[in-house]
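This structure is in structure tokens; I'll ask about it shortly.
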Amino acid sequence: MKNYKAIGKIGEGTFSEVMKMQSLRDGNYYACKQMKQHFESIEQVNSLREIQALRRLNPHPNILALHEVVFDRKSGSLALICELMDMNIYELIRGRRHPLSEKKIMLYMYQLCKSLDHMHRNGIFHRDVKPENILVKQDVLKLGDFGSCRSVYSKQPYTEYISTRWYRAPECLLTDGFYTYKMDLWSAGCVFYEIASLQPLFPGVNELDQISKIHDVIGTPCQKTLTKFKQSRAMSFDFPFKKGSGIPLLTANLSPQCLSLLHAMVAYDPDERIAAHQALQHPYFQVQRAAETQTLAKHRRAFCPKFSMVPESSSHNWSFSQEGRKQKQSLRHEEGHARRQGPTSLMELPKLRLSGMTKLSSCSSPALRSVLGTGANGKVPVLRPLKCAAVNKKTDTQKDIKPHLKHYHLPTINRKGGEY
């Protein structure tokens, strides 16, 4: 840590201590997560789930950025140098007399769902989504503290006592570790309500009280749902029937779309609970999606000025010349003939082994038939493989091609589904 100067303590948890540090190299401020665990080797450090997750998920605008990993072999100490944010969600809402505006709530929740979607698409679920682990800096929200994360493909059962009790999903409370990434959406729903109302949704004092608080609000589940929870604990599933009072409307300024998304995120049955990618398409985020699309369009015009000169309507009104239509019909005929001949054999690409510096070697390509025209001798020239040397030289065959170039209008190729 010789390259950093300690400024002050930010917070402390069970497994780590977070300090505000200043880099002596660039002068910038960072958050240093000093691990309390002793590490024996660099292999043990690299196998740490939090480091693996941050490396896989970065860069992303809503995932806390990992700047550097500092490991001292002699002392066995490990520190994660991350970007410094202003505060976490708990600090943001603590002591507030009035809730945030719905516009601000919508902005934060959209970014939280973006972070969850990115994480789940990359095969990771967090398992400890709570206000303390969600960081903000002005209008930017980032998810941090991946110390409890797991792979969505790892074998169940998982650790039973995971995530903070107030944000723990029913399947985590009622099973011996049989839960999925959908638990993150339940936790995010609880955070959603807390940001909007400044009050926790299910503040249970113990596990039994926690499940009771859930039933008080959303009611007891049907037997079909309970049978999905495998390997139940000693806790009895003979719950007295409760209809549920419904989610308390402590704030009158919440829109129907807001409440609709909130109910979808805290669905009792994880199979019926909304996923992160589905939440991003919810009507509640319509304004955010429109703003995001507009921003992307501005960036494209800034980086590709020629696109801004083309009228928008022309992008959907493609016209072909008469010669182009003929070539397109010819191309379709050739493709149909090729399909009748049977599928071509596919070659599997060799797997890359990246270790240190990777050397790239060139290989010769097979001879290709020219599409430029015939040579001086009346025969179709063949382009032979070129070997890279200090000076590129043209072959005699290539020299013959140049004065006899023939121009062709190549047909436009239609891409299915807009893929490139």
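Every residue gets a Cβ built from N, Cα and C, even glycine.
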Can you pick which of Lys33, Lys74 Swiss-Prot lists for the same ATP site as Ile10, Gly11, Glu12, Gly13, Thr14, Phe15, Ser16, Glu17, Val18?
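Among Lys33, Lys74, only Lys33 appears alongside Ile10, Gly11, Glu12, Gly13, Thr14, Phe15, Ser16, Glu17, Val18 as ATP-binding in Swiss-Prot.
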For Ile10 (ATP binding site), which DSSP three-state class applies?
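SS state of Ile10 (ATP binding site) = strand.
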On a simple 10 Å Cβ count over all chains shown, which one of the binding-site residues Thr14, Ser16 is most densely packed?
Ser16
For Val18 (ATP binding site), write down the residues of its own chain that are at least 6 apart in sequence and whose Cβ falls under 8 Å from its Cβ; none is a fine answer.
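Counting only residues 6 or more apart in sequence, the Cβ neighbours of Val18 (ATP binding site) under 8 Å are Lys9, Ile10, Gly11, Glu12, Ala31, Cys32, Lys33, Gln34.
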What's the CA-CA gap between Thr14 (ATP binding site) and Asp128 (active site, proton acceptor) in angstrom, rounded?
14
As a test of reading the model: what is the averaged pLDDT for the domain 'Protein kinase' (4-285)?
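Here the mean pLDDT over the domain 'Protein kinase' (4-285) amounts to 90.
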